[in-house]
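K.L.:
What follows is a single structure, and I will ask about it in a moment.
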Amino acid sequence: MTVYNINLGIGWASSGVEYAQSYRAQTFRNLNISAKFVFSDLILGNNIADLTANLGFNDDQIIWLYNFFTDIKIAPSTFLLDTFVKQNQLEERNFILQPDNDTKELQYKSEEEKLTIVPRYNDREKQTIDQVTYIFNNRLIKRDFYSYTKYATEYYSGEEKYNQVVFREFYNEDGTIAYTQHLDGDGHELFEFSDQNYYSKTDLYREMLRKLNFKADDIIILDRMDEDKQLVNGQLVFEHHLPAKLVIPVHADHYDKHYTNDHQVLWNNFYEYQFMHYQDVAAYVVATDRQRDLLASQQKHFNHAKPQINTIPVGSLEHLVKPKGTRKKHSLITASRLANEKHIDWVIKATVAAHKIVSDLTLDIYGEGGERSRLQDLITKNNADSYIKLMGQHDLKDVYQKYETYIAGSTSEGFGLSLMEAVGSGLSMIGFDVPYGNQTFIVDQQNGYLLPYTEDWSNSRKEQLLADAIVKNFTEADLTSFHEKSYSLAESYLTKNVAKQWQQLIGELQHA
C-alpha cells in the first residue's frame, strides 16, 4: 500500500497546505506507511530536493512530474564547481574568473568566445553548484540545472527584446536526453519522447498517473488541484484514481457565506469540483469538528448526500514545548505569510495602541510575503521599529516558548498550524471569533481572548478590540493559568494521537 499526496508546487515560503503535507509525512513515517508526495509545477528556481527537504520530506518520498520520466533521482545538489570547471575545460579555453565579492554567483569570462558562464553556488562552503547560466554577446542563451548531475537545460531564443525559453531538455543519469519540452511562446507546449509525443502538460500528467499503476489498497490524497493554467490535474485524478481510494482534505473555509442561503451554496472554487463529485470520494478530511458538522449538513441539504467526513488535524505536535527559561515579559508573537488576508496591519496598529499603556510591550512578526514592505513602512510610520520587528522566515518549533502570547489578525483559518504550535508551547492566545482555527484553539478567558467579530465593523474598531485584549492580557489575566490551559488543549494534537486518527481512516478505507 502507498499513500499518494497530490500537490502542485513548493517554495521556501510555503503555504499551510505544504506544511500540512509535511506533518502528514512525519505521521506516516511514524506509522511505517509508504507515502509519496507528487508535485507538478515546473520548479527550476531551486533544486526541488532543497525545497522539500526544508519542510522535512525525504528525497525518496518525492515524485516530480518533470523528473518522473527520467532515471535521475530526487537528490540534493552535490555537483562540485571544480568538476564543472574541469569538464568544460574553462582554464584551457582561457576563461577568466572575475572577482565574486562573496556572492552566490561566479563569473567566468572569455573575450575570445564572447561568452560569460555563471555558475551559482548551492553551498559556497561545500563548493557545490545548482545552476549555470550562459550569456553570449550579453544575451542569455542557456541555463543548466544540477543536483548530483545535470538534470535539465533550458535554451533561450537569444533575442534582444523578447528573450524567452524555446525548449528544455531533461536528462537521464548517463547524459542522454529523456525528453524535450518545446514551447511556442503562446502558452502551448509539446513534450517530445523518442517513441511518443504529448501535446500538453495535461497529457503528460495523465501518462504519469497511468504509469503509477494504482493498486486497490493505495490511497490518493488530493491536496491541490487546477491552480496551474497549463494543467487540469484534478479532473485527471478523479478519472484515473481507480482502483485506489480518493481522499479530499479541505484546507480552507469551504464556502462563501455571503452568497449562501437556504436555496443555494457557493462553494470555495478550489473545492467545488470535489464537492460536486462526492460519489467518487471515499472520504473528505477536515481539520475541525465544527467544519465537519457544517459540511455534512450542507452536503445533505444541497446534494442530498451523506459522504464520509473525518476530522483529522492537518498538523501535529511531536511533544509539548516547555520554556527553557523565563518567557520574555509582555511579548507578542504572530506567524503567517505576510499577506493581506492575514491582517497583520491590524495587529501592528493594535500593538502601537497597547504600547501606550504597556510600555515594554513587544511584537515579533514571523513569515515572508508580498506585504513585507508595506508592513515595514507601517511600523516605521508609527515610530515602532524599536518594539515591532519583522523577523523573516524561521523554523518556529522552539521559538514560540520564548514568548508569552500569540496574536492573530486573520479572519479565516481552515485550521491554523501556527495556532496549534503556539498552544503546544503554552502561549496565551488572542484572536477573533471566526472559523475555524481560532474557535478551535482559543477558549475565551481560559487560555486567552476570543474576540467578537463582524465583517462590517470598521478596521479601527477591530484594531481597538485587539488592543484592548492585549492590554487586558498583560495587566489583568492570570497568564500562568492561561498557559496551563493551552498545554491542556494541545494534548489531543500530539503526533501519537493524530497518527491514530490517520491509522483508523486508512484501515477503514482498505477494508471498505
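Glycine residues also receive a Cβ, built from the backbone N, Cα and C atoms like all the rest.
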K.L.:
TrEMBL has E413, G414, F415, G416 down as binding N-acetyl-D-glucosamine; which of H251, H254, H258, H263 does it also list for that site?
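P.N.:
Between H251, H254, H258, H263, TrEMBL records just one in the N-acetyl-D-glucosamine site with E413, G414, F415, G416, namely H251.
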K.L.:
May I ask you to report the DSSP-based helix, strand or coil state of G16 (UDP binding site)?
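P.N.:
It is helical.
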K.L.:
Per-residue pLDDT averaged over the domain 'GtfA extended beta-sheet meander' (102-195) comes to what?
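P.N.:
Averaged over the domain 'GtfA extended beta-sheet meander' (102-195), per-residue pLDDT gives 95.
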K.L.:
Looking only at H251, H394, the binding-site residues on record, which one has the least crowded Cβ, with the fewest other Cβ atoms within 10 Å?
P.N.:
H394
K.L.:
State the Cα to Cα distance, in Å, between Y19 (UDP binding site) and E413 (N-acetyl-D-glucosamine binding site), rounded to an integer.
P.N.:
14
K.L.:
Helix, strand or coil: which one is E413 (N-acetyl-D-glucosamine binding site) in, per DSSP?
P.N.:
strand
